[in-house]
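Among the features that Swiss-Prot reports, Fe(2+) binding site is placed at His81, His83, Glu87, His126, with the record citing sequence analysis. Look at Swiss-Prot and you will find His81, His83, Glu87, His126 tagged as Ni(2+) binding site.
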Amino acid sequence: MKAYWYDNIPGDQRLPHDSGRTVDASYLATIGVLYRHCPAISAVDDLARDRGYKNRDEIIISPEKMGDVYEDKVRMFFNEHLHEDEEIRYIVDGEGFFDVRSKDDEWVRIRLGKGDLIVLPAGIYHRFTTDENNYVKAMRLFQDEPKWTPLNRAPELDANQHRKTYVESHISSSTA
């Protein structure tokens with residue numbers, strides 16, 4: 001895992017966009033993002049048991065696996081959105097980037113590779129993309145039935161209860 005401030009330079013979203021300013025895991029924790037390196041699946045199983053994740057599946061994001069819909073899917077994943085549930089991803093193979101909003105609404109880019117696990121809290125604005133190799137195999141973990149429902153960022157979404165709870169827990173409490 002490598003986290004840093006996104007450079008905001010226009011261009012291919014799959015490039016690193018590394019500003020050279022690093023972000024450490026302790027900052028990620030303050031915005032509710034949990035990171036773990038899990039070299040063995042047993043560590044993922046332990047975390048799943050401890051956090052009550054009952055279901056899982058795997059997804060391969062690549063042109064070979066997804067065919068003609070690959071580019072559209074990657075663009076869709078890169079639209080800024082939130083979920084009303086935690087988003088848990090364990091990288092089985094390949095690499096990708098999660099971008100998450102900071103306390104000041106700036107992008108923090110998190111590069112994940114094989115063995116990296118990330119938990120994004122419900123209500124955090126984020127987006128995802130593969131890197132320039134266009135391949136990632138990820139395990140998705142779920143507390144209940146598998147679902148992935150993105151709510152794209154819009155002004156009215158700030159009234160969403162999951163967003164409000166996130167802001168109260170991770171943004172407002174740290175600036176008071």
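Cβ coordinates are placed from backbone N, Cα and C, and glycine is handled just like the others.
Recorded features from Swiss-Prot, shown on the structure.
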residue	record	DSSP (3 states)
His81	Fe(2+) binding site	strand
Glu87	Fe(2+) binding site	strand
His126	Fe(2+) binding site	strand
Inside 10 Å of the Cβ of His83 (Fe(2+) binding site), count up the other Cβ atoms and send me the figure.
18
Same chain, not part of His81, His83, Glu87, His126: whose C-beta falls within 8 angstroms of the C-beta centre of the Fe(2+) site? Give them in sequence order.
Leu82, Leu120, Ile124, Tyr125, Arg127, Pro150
I need the most crowded of these binding-site residues: His81, His126. Count other C-beta atoms within 10 angstroms of each C-beta and give me the top one.
His126
Give me the count of other Cβ atoms within 10 A of the Cβ belonging to Glu87 (Fe(2+) binding site).
21
